[in-house]
Every structure is written in structure tokens, then in C-alpha cells.
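What TrEMBL says about this one:
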type: ACT_SITE; residues: 304; note: active site, proton donor
type: ACT_SITE; residues: 385; note: active site, proton acceptor
type: ACT_SITE; residues: 413; note: active site, proton acceptor
type: DOMAIN; residues: 23-139; note: domain 'Alpha glucuronidase N-terminal'
type: DOMAIN; residues: 147-473; note: domain 'Glycosyl hydrolase family 67 catalytic'
type: DOMAIN; residues: 475-697; note: domain 'Glycosyl hydrolase family 67 C-terminal'
type: SIGNAL; residues: 1-17; note: signal peptide
Ligand code: GCV
């Protein structure tokens, strides 16, 4: 009865609105709570009760967690220890406290943990304090998933470096706002050039990260601000480190290479200059005097306009080593990024062999072994920049005498900015499982970054996360599965995307089998769908690379020095990266892999345009030409996205309304934007190649009424740039910023029920209002305020980044009646409209 009462009282929180702040650490009641509770001891023994120690934190989490999950109130241990207890601490603390207990020491390495549940006794022991906390979180996760039975777990991390990077600026403004490529609101650390007075969110972030085994956070943008080194800001950083410390999370810092000049008043930042070396040693000493457990530094040098050692004719190793040496007496690490390229030298018209992808190996290969032992080279997974599909960076196979870490991106910069659902773990898994065949021996990427393949002691993972003040952290509830999976895969690379997703869903949304199934279906379909509608065959995410990296703009890839080229012309497409005829990039891989990528026949087709320049008429293994594959894939991917909102809707009532609505809003938006992607890409290549779609879809939209063909009053026709971002290249905008526009037409479609879709543009320069009428009766009214509601980067233009669709379902339409859109501009936003689609029910186009 007690149990029933407990469930009635606590079970209510199942449907209580949730804002996402606790993410997967909700400690929500589980269905089999009574049975589980009976298996858990009621006494808690915490082997270090010092406030702020990770073991003490572990004790608190266990108390709070078990109370929430199974309604158990743990009692602290009195003078005499009961025979059955839940004990948490380090192995050493346990042996100290229990000198007579016979105990087989588990084989633990740094941060590892051991859990034994046996005969009503639970022991959670870490190799160190952090490990004990990890063990406590693991145990709570097991109980949350409905398992408190006898078991033994010994778990060690594969790699010592399991960091996250935040690209947080010290203040809002500039081109990137508070967090560069962040879509979850302003920085949780910085505000107005200083460290926030209230760091509650920093502590909560550390808690989440500790629960997935992350041991350090680099808190500021790699495009670093030198003023972070002021004494006042160093004090602030120490406060962040204090907020992290109870969770065993260390603080790391990005440095601006030119700080000696920018902040220190020196005339140079040359790493060989004595005053520069002294400057950095002084900085490091000052930081460690405030933060004795600081993790170390992260350095972006000679990249995208950032200064670096090459500026002073020194090598990248000279630069990295300078920082590393200052850190050595403190045990700190220097993470040095391999994202080094000089866009000023890249010109695609001058040279067929020019290739940004070649840069990392060219710069770093010859430096292998020349780095201090506490330098780790942080390498983006692919040779360009977080694209929807890239081959593994060949640099991983070149650094055999230097530790390396893989840089993954949890924030979805090129992958839909959390406004599109894209579950990334399947992509990471493919990358980590890739065998580079160094010296023709098994050389899985996961074994390289774990240090196993080349016997490295310092190596691992860096994930760019970019959470913000939004209660959902990343701006989207479902996007949090990426963060969870990142931590779990960095701990154990064999973690499966499906498995970890199921675990995350249970912890985040509860045990309902349908909820778990739906989130699995959506998430597992999401990366393939996004790849299909954004850029397939290895051509890259065909997004707008000159603006917000959002929405379609295939033309922006070429004709500029950023090197994300596709070399698409009227007949052919793709980068020839072969050794024999192209940029030579394929030859940067070990011979077996190089040979595979060198030939069209042996290159996996999902990367064929990454490695080869081919005619649109080249026939793929499927029997389709490249151009037809493009058309079909874009139609297929966007069709999959149409199913997402419908699948999600089946969960109504099964999860709290707040999260249900939040996710639905985004999935509906994504479905509309997937159509924008599909049409833009297909029309762009149709226009380039002149080859029609065999199925006659591209360029033919029989259900559409183009806004420019309607009767316009107060609206005028606008030629959209790029042309493919509008249906038939044109849209309408109000004639000025203060006059309402009216676009009307007479419906020629047969009478019946339709889904009425309106494609419009929601720029971040105002909040226009649109009204849709059928025969003067209002069908719907909406506002262009996505800039406040969706989190993606704000964009000012009328293009594929702002193109949006709203659909009114099941509307009775009569032939001969009038359809009218009334647009009221606001600010600089001229209520733009592209077209209206009258879609027979069930059809999307
Ligand atoms: C932090 C890409 C991103 C930049 C980022 C850079 C990097 O170019 O667009 O925002 O800068 O990578 O990783 O340094």
C-alpha cells in the first residue's frame, strides 16, 4: 500500500511539465519501484564527507536519485555499520575503512569504477574520487532503467582525454553572438565581457557531464579573447572551476596565440622570444595559483585568421611546445588543433590540385614526434569541417609518436542547428569503426584515439557542445541524445548508437515502450534523411557556407577561397582527390585505403564525389545516374522528414505536454524546411546540368500557386538570390515597411479537403504577420518570430536559410472561391511569401 501511495504521489511527476534542465538526470519514478526498492540497502556509507569532494557529491546524488527513482530515503550510517549498506568511495578509502574485509581488487585505471551488488550490499568504488562519482551515476542509471539486481561491473574509460569544448564568447554581439555556433541561448559562463556572477548553470552542466564520464570543459571559444587573462577574469575562471570541482570536472582554457601583444603589451608573440615565454609562464602560474587542478589549454593557431607560430616563421610544434612546457610542472595538457589551413592561398580556378583537405597532413605530418609529451593534437573527424559525411581525417594515421584526439561536433553547425533532428551517434560510430590499415595492420580510428594502436598515453575525445542558458541546454530536447551518446562513446567506443539511444530515452522520457520505439525510429532515420536532402554521395552538406551555415545554398561552396568546393559545372561534379590526376588527397591515406579511394570502382559511393570528379551521367551501382540519384535522394530524404511529425504525434499523452509540444514544433518546422532543401538542391543542379528528372518532379509543382502570379496589392515581385531558394526563383515582398500587402487569387482546383501550405520567409529583422483567408474567412494567422523560438542562427536575408513552411490541414476548399494572403510587415521584414500549395490530403509537395 505504501508503494501504491508513493506512486500516486510521486508518479504524478510523470506528466508534470518538464523544461529539460535535468536532462537524463531527472530521477523520475520508475514503474517497478517497489520491487527495486526492496533490493537496495537503506544505509548509505559515504567514504569522504568533505563538502565539495566528488565522493561526497556521489553520496548526495545517490540520496537524491534513489528518493526520486524508487522513493527510498537512505539513512546515513551511524556508529556501527550495518551488514548491508550502500557504500561509495575510492578503493583506497574502502580498504582504509575496512582493513579486515577480504576483497579482490578490481583492475581499475584512472577514473575507472567498480560496482558490486550482492546480497543486499552495494559497493561503488572508484579508482579515484571521480571514478566513484561515475560509478554512482552508473548505478543510478541502472536503477532508473529498472535494474537493481545482483551484478558486478568493472568499467574503465578507453581514453584519458574526454573533454568538451564550448565556443563561448565573452560577450554577446559580433558575428556569432554569445556562443559561436551555439543554438541554446547565451553563454552559461560569460556575460558582458566577464564571468557571470551566478554560475548555477555551470555546476548543473558539470553534473550532467560527469554523469557521462566527461572530465574537462574548455569554457571559452577557440577564437579566444585575450582579455580573459585579466586578473579579474582569472578570478572568475576560478569560480567556474569551483562550480565544476564537486563533479570531478576540470576547467580548460582556449588561448589567443597573440595575447602577448594583444594583452601583454609585448611587441611580438614569437614562441622563441624570451619575454613571450616568460609571459606565458606567468599566465600559467597565475592560473594554477587560482585553479590548481586546471586541465590545460586548447589552442587554435594559424587558422581562419587566427595568429600562430607560422606568423613568426616557427613551426606549429614550436608553438604547441611553448604552452606545453609552461603546463608541465602542473600536469596540464596542451590540446593543439590540427584545424590549420590558409584560405588566402586557396584558389580553385588557378589550380586543379588546390585542396583545403590536404592542409592538416601537410602541416603536421613532418612534425610527428616533435611535440612535448603533454601535447595532444586535436583533429576534426574529417579533413574539411564537420560535414554530413566526410572520410576519416588521414592525419590520424600519420601521428604515431604524438597523442591525438578526435574532435566531434555535438552542436549541429552544418547539420540543422538543432532545428532539424539529426542523431549523430551512427555517424560517429562509422568514423570510429573505420580501419585506416596503417602498415597494413588493423588500425581502427577508435584504437588510435584510445592510444592503443600507437601506444600513446595521452589521447582521446573532444566534443564541441555549445550549450546555452536555454533550459533544454542545446535548444532542443531530442538533440540531447547526441551529448549523452558522445560521453558514452568517448568512454567505450563500442557503444552502439541504438543501445545508447534506448538508454537515454528511458532516462529522459520514461519507460513507455512506445515512447522508446518512436524516438528510436525518428532518431535512427534522421541522419540518413538529412544526408539525403542536404548533400549526398559525399558532396558535403550543401549549405550556405558564406552566411550562417544553415539552409541550402549549393552555389556558395564554389568560387571562394574557403575550400569547401564541389567543382560543379554544366557536365560534372565532385573533387578529384586522386593521386594520379587530382589533388593527391587520397594518397595521404595508408596504401590500402589510398588504393581504395583512388579508383572510382572501389570508392564507397557515399563518398564518391568527395574523391572523384564525375559527369552527372556517370552510372552508379544502383543503375542510376548521379543526377538522378541526387533527385531521388533529395525526394526520399524530405519524404522521410514529412513522416516525423506524424510519428511523433502518436506520443500525445504519453509524455508531458511541454516537451511534446516543443519537439512537435521543431519536427513540423523540419518537415517544411526539408522541402525547401529538396527543391533548392534539385533545381540548382537541374539548372546547371539541364538534365531533367526522369520522374518529372523537379521544376513541376502542380499543386502550387506561385505568389508572384497572384493579384498583388501592396506587394511586389522580388527576385530571390540564389534563385533556387524560391519556387520558380521569385517571391513577393511588401512595397514598403509600413504598408500591408495583399496577394489574392481565384482557386481553380476542384472542391474538396486540402492541406494548405504557405511557404514564406522568416527573417531575423522583424516579426511580420501573415493571414490566410479563404473567401474572407480566416484560415490562419502567424508571425515571423522564429528567431526567438527555434534557436538556429538568425539570418537577415530572403533565401534558403529563412524559407519556412506553415501547413493548415484538412481545409475545405471550394473551386472558384478566393484565396488571399495579407502580409503585415514589421521592422525590416517585408512579409515575404513564396507560394501556396493546395495539397490533396496525404500529399506533400
Ligand atoms: C570556432 C568552422 C566554424 C567556426 C569555427 C571553426 C573552428 O569554420 O564555422 O565557427 O570557429 O570551424 O573549428 O575553429
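Keep in mind that glycine also has a Cβ here, set from the backbone N, Cα and C atoms.
In TrEMBL, annotation is done automatically, which means it is predicted and not curated.
Shown here: features listed in TrEMBL, placed on the structure.
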{"residue": "304", "record": "active site, proton donor", "CB count, 10 Å": "14"}
{"residue": "385", "record": "active site, proton acceptor", "CB count, 10 Å": "23"}
{"residue": "413", "record": "active site, proton acceptor", "CB count, 10 Å": "25"}
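A separation of roughly 12 Å, to the nearest angstrom, links the Cα atoms of residue 385 (active site, proton acceptor) and the residue listed as 'active site, proton donor'. Residue 304 (active site, proton donor) sits 17 Å from residue 413 (active site, proton acceptor), counting Cα to Cα.
Following the DSSP three-state reduction, the secondary structure of residue 385 (active site, proton acceptor) is coil. Summarising model confidence by region, the domain 'Glycosyl hydrolase family 67 C-terminal' (475-697) averages a pLDDT of 98. Helix, strand and coil content of the domain 'Alpha glucuronidase N-terminal' (23-139), in residues and according to DSSP, is 41 helix, 23 strand, 53 coil.
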